[in-house]
Amino acid sequence: MVEPASPDSDEGISLLEFHGNGDRSWQLNFDDFQVSPEHKEKKSPSKLHNCLGCLGPEDNVADYYQQQVEMLEGFTEMDELAERGFVPGMSKEEQDNLAKSETLAIRISNIANMLLFAAKVYASVTSGSLAIIASTLDSLLDLLSGFILWFTAFSMQTPNPYQYPIGKKRMQPLGILVFASVMATLGLQIILESLRTMLSSHKEFNLTKEQESWVVGIMLSVTLVKLLLVLYCRSFTNEIVKAYAQDHFFDVITNIIGLIAVILANYIDYWIDPVGAIILALYTIRTWSMTVLENVNSLVGKSARPEYLQKLTYLCWNHHKAIRHIDTVRAYTFGSHYFVEVDIVLPADMPLQVAHDIGESLQEKLELLEEIERAFVHLDYEYTHKPEHARSHC
């Protein structure tokens, strides 16, 4: 039986205090289950093989051992967290510097979008190309989306614990959802306009040498700048900056397609221009529809992968030897991070102070994980009861 903590002990309880240096035979230990170097060297099947259904016996074996390696690495990570009491990572100063860098990336992207939009407006007026106009309208939406993403980032940095007690991190996927919806709507409008042009009686498309030079020069310059912004923004892990990177990459594709459509329409036939615009529109709808689905899943509370739940269960069981059972381990998305619910069973005669300290330290330990925004640890003395929440499975 666990003895209650002495009254004169410190109020702040270390995450390491419960482990001590005594007997650890009660803990799960996978140190003896190491994958041989022979199997570590086996490469998992490529995505192409997986998609085509061309997995042979060797591919399945390699995939199995890859999963085992990842599982053992995950358990090792949990052991390091339990032993050190913290997750190795950036210091407060490094985090502040990273936040400043992310803000700078957003500002650079917004300024570049304004300048490039002005250049593409001139190219659209000069060429009259539907494909270039479609690309220019996309740049206009870049400015609008930039404002949306900036607003969500600003909202997240101004907490209000009374009106928003669990924070505003849901603003991030909501902003991306609005952005994606506007982009998909633009794509549909471009398709309708392109079809109208193809069915109209006006069937000519001609550019002078001077007009062609201006259009090609502007579009190539814009594409190069956007490509540099893609590489810059992809170096960050922040979801908003990554959304900018995706948008810049999309611009690179649309600029190239628009430029090719203009040149071919000028030298071959007029219909290539509206066809190029339709291709851009379909690409827009597909890209941002996938973005919508991804962010919807993050808001509706999709469960974490079984492999991640394994890691959490392992961490919970090894937290304290007084834990008799683990009743529930849940992790589900609530924005870009996980909410975690854990039910552990402790001895019925354990003093409240000791039980509280065990549960609180487990909660703090779980919240040290980068993917977890908030953890809830529920303490119980038995596990045969019905669910506490009347609508827990609705």
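Every residue gets a Cβ built from N, Cα and C, even glycine.
The topological domain 'Cytoplasmic' annotation in Swiss-Prot covers 1-103 (among others).
If you look at the topological domain 'Vacuolar' (125-130), the same-chain residues 6 or more away from its ends with a CB under 8 A from one of its CBs are 190, 193-194, 197, 205, 207, 211, 214-215, 258, 261-262, 265, 273-274, 276-277. What Swiss-Prot records for 125-130 (among others) is topological domain 'Vacuolar'.
According to DSSP, the topological domain 'Cytoplasmic' (152-172) comprises 7 helix, 0 strand, 14 coil. Sequence annotations record features per position, and here Swiss-Prot assigns topological domain 'Cytoplasmic' to 152-172 (among others).
Residues annotated as topological domain 'Vacuolar' in Swiss-Prot: 194-212 (among others).
Residues or ranges marked as topological domain 'Cytoplasmic' by Swiss-Prot: 234-251 (among others). Over the topological domain 'Cytoplasmic' (234-251), the average per-residue pLDDT in this prediction is 82.
The topological domain 'Cytoplasmic' feature in Swiss-Prot is assigned to 295-394 (among others); the stated evidence is sequence analysis.
Residues or ranges marked as transmembrane segment in Swiss-Prot (evidence: sequence analysis): 104-124 (among others).
Marked as transmembrane segment by Swiss-Prot on the basis of sequence analysis: 131-151 (among others). Same-chain residues lying 6 or more positions outside the transmembrane segment (131-151) and placing a CB less than 8 Å from one of its CB atoms are 106, 109-110, 113-114, 116-117, 120-121, 123-124, 175-176, 178-179, 182-183, 186, 190, 194, 215, 219, 240, 243-244, 247, 250-251, 254-255, 257-259, 261-262, 265, 273-274, 276-277, 280-281, 284.
Within the chain, the transmembrane segment (173-193) has long-range Cβ neighbours (under 8 A, six or more residues past its boundaries) at 130, 134, 137-138, 141, 144-145, 148-149, 151-152, 239-240, 243, 277-278, 280-285, 287-289, 291-292, 295-296, 298-299, 335-336. As annotated by Swiss-Prot, transmembrane segment applies to 173-193 (among others).
Residues 105, 108-109, 112, 116, 119-120, 122-123, 126-127, 129, 132, 135, 207, 241-242, 244-245, 248-249, 251-252, 255-256, 258-259, 262-263 of the same chain lie 6+ residues outside the transmembrane segment (213-233) yet bring a C-beta within less than 8 angstroms of a C-beta in it. The transmembrane segment feature in Swiss-Prot is assigned to 213-233 (among others).
The annotation transmembrane segment is assigned in Swiss-Prot to 252-272 (among others). Beyond its flanks by at least six residues, the transmembrane segment (252-272) meets 127, 129, 131-132, 134-135, 138, 198, 203-207, 212, 215-216, 219-220, 222-223, 226-227, 230, 279-280, 283-284 of its own chain at Cβ-Cβ distances under 8 Å.
When Cβ-Cβ distances below 8 Å are used as the criterion, the transmembrane segment (274-294) is approached by residues 130-131, 133-135, 138, 176-177, 179-181, 183-184, 186-191, 193-195, 197-198, 246, 250, 253-254, 257-258, 260-262, 264-265 of the same chain, each at least six residues removed from its ends. If you look up Swiss-Prot, you'll see 274-294 (among others) marked as transmembrane segment, on the strength of sequence analysis.
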For the topological domain 'Cytoplasmic' (152-172), the distant same-chain contacts (Cβ-Cβ under 8 Å, at least six residues beyond its ends) come to 103, 106, 239-240, 299, 334-337, 373-374
Same-chain residues at least 6 beyond the ends of the topological domain 'Cytoplasmic' (234-251) with a Cβ under 8 Å from one of its Cβ atoms are 98, 101-102, 105-106, 109, 135, 138-139, 142, 145-146, 149, 152-153, 172-173, 175-176, 179, 222-223, 226-227, 283-284, 287, 291, 336
Across the topological domain 'Cytoplasmic' (295-394), DSSP yields 33 helix, 27 strand, 40 coil
